[in-house]
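Q: Quick one: this structure, given as structure tokens, is what I'll be asking you about.
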Amino acid sequence: MTFSEILTARRSRALTGAVRAPGDKSMSHRALMLGGLAMGDTTIEGLLEGDDILATARAVEAFGALVQRTGDGAWRVEGRGGYQTPSGVIDCGNAGTGVRLLMGVAAGFDLSVTFDGDASLRKRPMKRVTGPLSDMGARFDWGGAEDRLPLTLHGGGLKGMVYRQTVASAQVKSAILLAGLNAAGETAVIEPEPSRDHTERMLRAFGAVVYVSETGEGRVARLQGGQRLTGTHVAVPGDPSSAAFPLAAGLIVPGSVVTVEGVMLNPLRTGLFQTWIEMGADLTIANRRMAGGEEVGDVTARHSALKGITVPTERAASMIDEYPILSATAAYAEGATVMRGIGEMRVKESDRISLMAAGLAACGVKVEEEPEGFIVTGSPCVQGGATVRTAHDHRIAMSHLVLGLNSEEPVAVDDPGMIATSFPGFVELMQGLGASIEPR
Ligand code: S3P
């Protein structure tokens with residue numbers, strides 16, 4: 001189903017059923033990029049077929065690999081052992097992860113490439129990646145404003161470096177490590193607050209040697225330049241950031257029991273689940289197993305009486321994409337949920353603090369916005385009755401649709417088309433659980 005107009009969520013009867021979340025977005029980007037970088041064939045099972053990932057697939061092909069969807073729904077990447085100058089501009093669409101990681105990979109090769117993106121991506125900061133890559137020897141020309149897309153990268157001749165993270169960003173860490181693969185000497189990234197480690201794990205799956213250690217300064221990931229990758233098989237588990245939406249609906253709609261199967265449980269991604277449990281959520285995990293080098297499990301959410309808590313700031317990196325849906329569930333919790341130390345939310349696909357604060361307030365929820373966070377004071381009875389501005393942000397849209405599944409009045413979102421960037425089939429999946437979400 002595609003939508004060009006408004007979608008509306010209405011108070012729903014109990015949601016029940018078991019579903020699978022789409023493939024993890026972070027792992028899907030990396031599987032395609034590393035497949036293109038490796039020698040030989042990579043097969044990817046469970047790839048997220050969202051718009052962000054399809055943009056990365058086209059980019060990897062433009063850099064010289066062969067990328068195909070096979071008859072059984074898997075993907076095959078035939079890598080050539082390196083990236084070449086593409087014939088046109090690389091358009092990464094809405095995907096910050098796509099463009100920042102691709103810059104890292106491309107910087108390691110003797111090529112020139114222009115990167116661009118949609119209106120949202122053109123507003124996001126790029127110097128956090130171009131800065132360290134310049135220190136390694138890459139050169140950049142800004143096509144318009146400094147720090148923003150479009151930009152042209154001239155790669156090759158890199159030297160390894162030691163980089164100390166100033167923001168807890170897996171995108172920055174990954175760009176530097178990926179560039180380091182084709183730099184002279186060693187590259188290391190020091191993280192005072194550890195961010196998701198899919199790049200380190202997946203590089204190993206493709207045959208690279210990556211050392212990770214805990215030191216007094218934080219977690220250190222390092223690798224030696226000049227390593228060659230070999231194609232492999234990647235099984236992408238379900239995305240915990242996407243699973244969060246049906247699970248949140250299960251928590252807030254009375255009588256619900258919702259299971260999402262095969263959810264990735266990497267501890268650097270599960271801050272939201274821990275937070276919900278501390279808020280009193282009846283959230284259980286069964287059938288824990290290993291898949292695609294990650295622990296996965298089946299997560300069940302039952303309707304729960306939630307209580308507000310203060311989310312520890314050091315947990316932010318492990319749930320940075322989940323604060324929008326956390327704030328929607330906090331709207332139904334008794335008392336205040338305090339979310340601080342999350343200024344990074346302002347430079348995601350939209351300014352997520354400001355948009356969630358505005359959307360929740362329009363639905364009658366008490367919200368206090370701060371420069372680096374927000375506080376939501378909930379009640380079991382949320383008024384709703386608004387059409388919320390999403391500023392083309394998929395997670396803002398899905399969070400408000402979930403909010404509307406138990407509000408007095410319906411909640412509508414203005415731009416549901418963007419949901420397909422990370423969660424194609426979201427509406428059908430939610431409807432299958434019994435949610436009332438319809439085009440209006
Ligand atoms: C991602 C890292 C996060 C996250 C994004 C995916 C990744 O960004 O918000 O959706 O796959 O590395 P930062 O690392 O910049 O916080």
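The backbone N, Cα and C atoms fix where each Cβ goes, and this holds for glycine too.
These came from TrEMBL, pasted as-is:
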type	residues	note
DOMAIN	12-428	domain 'Enolpyruvate transferase'
BINDING	Lys25, Gly96, Arg124, Gln171, Arg352, Arg395	phosphoenolpyruvate binding site
BINDING	Lys25, Ser26, Arg30, Ser169, Gln171, Asp321, Lys348	3-phosphoshikimate binding site
ACT_SITE	Asp321	active site, proton acceptor
Q: Provide the number of Cβ atoms within 10 Å of the Cβ of Gly96 (phosphoenolpyruvate binding site), excluding the reference atom itself.
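A: Here the count is 21.
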Q: Determine the mean pLDDT over the domain 'Enolpyruvate transferase' (12-428), rounding to the nearest whole number.
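A: Value for the domain 'Enolpyruvate transferase' (12-428), mean pLDDT as a whole number: 97.
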Q: Near ligand 1, which of the binding-site residues Arg30, Arg124, Arg352, Arg395 are found, taking a Cβ distance under 6 A to any of its atoms?
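A: Not one meets the Cβ criterion.
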Q: To which of the binding-site residues Arg30, Lys348 does the lowest count of other Cβ atoms within 10 Å belong?
A: Lys348
Q: Could you check which of these binding-site residues, Ser26, Arg30, Ser169, Asp321, Lys348, sit within 10 Å of Arg124 (phosphoenolpyruvate binding site), going Cα to Cα?
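A: The binding-site residues close to Arg124 (phosphoenolpyruvate binding site) (Cα within 10 Å), listed in sequence order, are Lys348.
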Q: Quick check for you: of the binding-site residues Lys25, Gly96, Gln171, Arg395, which have their Cα within 10 Å of the Cα of Asp321 (3-phosphoshikimate binding site)?
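A: Among Lys25, Gly96, Gln171, Arg395, the ones whose Cα sits within 10 Å of that of Asp321 (3-phosphoshikimate binding site) are Arg395.
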Q: Taking the Cβ of Arg352 (phosphoenolpyruvate binding site) as the reference point, list residues of the same chain whose Cβ is under 8 angstroms away and which are at least six residues distant in sequence.
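A: When sequence neighbours closer than 6 are ignored, Arg352 (phosphoenolpyruvate binding site) has Tyr323, Pro324, Met345, Arg346, Asp393, Arg395, Ile396 within Cβ distance under 8 Å.
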Q: What is the separation, in Å, between the Cα atoms of Gln171 (phosphoenolpyruvate binding site) and Arg30 (3-phosphoshikimate binding site)?
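A: About 11 Å separates the two Cα atoms.
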Q: List the same-chain residues at least 6 positions away in sequence whose Cβ sits under 8 Å from the Cβ of Ser169 (3-phosphoshikimate binding site), in sequence order, or say none.
A: Arg128, Ser195, Glu344
Q: Just report the maximum Cα pair distance in Å for the recorded 3-phosphoshikimate binders Lys25, Ser26, Arg30, Ser169, Gln171, Asp321, Lys348, no decimals.
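A: Across Lys25, Ser26, Arg30, Ser169, Gln171, Asp321, Lys348, the widest Cα separation comes out at 19 Å.
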Q: In whole Å, how far is Gly96 (phosphoenolpyruvate binding site) from Ser26 (3-phosphoshikimate binding site) when you measure between their Cα atoms?
A: 11
Q: Given the binding-site residues Ser26, Gln171, which one is most crowded in terms of C-beta atoms within 10 angstroms?
A: Ser26
Q: Is Ser169 (3-phosphoshikimate binding site) helix, strand or coil when read with DSSP?
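A: DSSP assigns Ser169 (3-phosphoshikimate binding site) to coil.
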Q: To see if you understand the setup: which same-chain residues, six or more apart in sequence, place their Cβ under 8 Å from that of Lys25 (phosphoenolpyruvate binding site)?
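A: The answer is Leu48, Gly50, Asp52, Ile53, Thr97, Asp239, Ser241, Ser242, Ser422.
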Q: Hey, what's the Cβ neighbour count for Asp321 (3-phosphoshikimate binding site) at 10 Å?
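A: Excluding its own Cβ, the number within 10 Å is 22.
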